[in-house]
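Peer 1: Pasting in a structure now, in structure tokens, and then I'll have a few things to ask.
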Amino acid sequence: MPAPGIFHVCWDGKVPLTYRPHNNGEHHDPTKNQTGSRLVYWRCDSRKRCWRGDYHDQGANHWIDDHIATPMSKYRDYEQSRQSFGINVLGTLIVEVEAENGQTGFAVSTAGEMGCFIVEKHLNRFIEGKCVSDIKLIHDQMLNATLYYSGSGGLVMNTISCVDLALWDLFGKVVGLPVYKLLGGAVRDEIQFYATGARPDLAKEMGFIGGKMPTHWGPHDGDAGIRKDAVMVADMREKCGEDFWLMLDCWMSQDVNYATKLAHACAPYNLKWIEECLPPQQYEGYRELKRNAPVGMMVTSGEHHGTLQSFRTLSETGIDIMQPDVGWCGGLTTLVEIAAIAKSRGQLVVPHGSSVYSHHAVITFTNTPFSEFLMTSPDCSTMRPQFDPILLNEPVPVNGRIHKSVLDKPGFGVELNRDCNLKRPYSH
């Protein structure tokens, strides 16, 4: 069992900290190393914004907060900005785990101070003292121990995901292998990406295979809203040409009737797919939308589904692509299981963003022919790592691609930026 530790922590209402048990100085066979939990609440003080663990927490004039349709858009007070209803309040959670030999693994998600509390006061008991390879055991214990308050995902699952990813990172570093090799190795030489952002035309110039735009209108806007978003797609089709993929991200903001009308309004412009039109649990709605969507247009969802069971039910609706976020769905351990469910039904699994935490998974999946890159620059004109500045050495696509050799570093191949202000609101 690791010796008692010291925590360095930081909290401003939205950022993460670091807990680090002392190394007891002993040396062990790496395969027998035990892990001590390390929780990181990282934050940047109010005078210097250092966001991006929570990529929604951006500054003014950023495309990601510019009149994007949401479930709250029907309330005029919260229509213009997603930050107005609090999309950025959770903040960043960083979890670190340390083996007895002093090696550490870490991961990033969104759960903020509340996630820190869950790890420190509850989940730590399932981590400390375990072998670094006991990832599935720890994962199962965390899931079952939180059933009585986790519901169908959300904050608790974000936290569990972060712990799981940190454990995979540590395991890879202990054995000296990239995570994708721990999963069985790459099935292709490179990952090709589409870009999510407001400017698919710029994404095309950067070498991406497609561009996914947010919708700006919803059912409360009636047919006028449908026409406005269809005009946006038509305009981008003219700019990008016929062969470039165009997709729409509806972010849970629609109902079946509106989504069906929007899909048909965009069909003349060769829309490749329409994404997450409905709230997560409206499975019958997704089934109906898929049944009535234009021929050749895919229906996709999954970003805000939080359990393996919810993905199994979603798969049964017949949608074309499932899109879990590895930082929210239960971690890499669950993502692998989701990919297997999708594969058994002939469906694709294309995770939502998540940078290296997705890269190491999707390059091993035979049913992930492409992946998502989230444009985090304010106007989508430059390439910026999703988790900058928290992660160091975070790769970005070159000409829309990342070669597997870029991932050939132990663990997830990134380091925690210790220049970010690290604090801890809780101890155990």
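Glycine is treated like the rest: Cβ placed from N, Cα and C.
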Peer 1: Quick one: which of ASP243, ASP249, ASP255 does Swiss-Prot put in the Mg(2+) site with GLU275, GLU303?
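Peer 2: Looking at ASP243, ASP249, ASP255, the one Swiss-Prot places in the Mg(2+) site next to GLU275, GLU303 is ASP249.
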Peer 1: Mind checking which of HIS56, ARG82 has the fewest other CB atoms within 10 A of its CB? They're the binding-site residues.
Peer 2: HIS56
Peer 1: In whole Å, note down how far the CA of ARG82 (substrate binding site) lies from the CA of HIS352 (active site, proton acceptor).
Peer 2: 18
Peer 1: Would you please pick out, from the recorded positions ASP249, GLU303, ASP325, the one with the fewest other Cβ atoms within 10 Å of its Cβ?
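Peer 2: Across ASP249, GLU303, ASP325, these recorded positions, the one with fewest Cβ atoms within 10 Å is GLU303.
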Peer 1: Return the residues near GLU275 (Mg(2+) binding site), defined as same-chain residues 6+ apart in sequence whose C-beta is under 8 angstroms from its C-beta, sorted by sequence, else 'none'.
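Peer 2: Set apart from GLU275 (Mg(2+) binding site) by at least 6 residues yet with Cβ under 8 Å, we have LYS212, MET247, LEU248, ASP249, CYS250, THR300, SER301, GLU303, GLN323.
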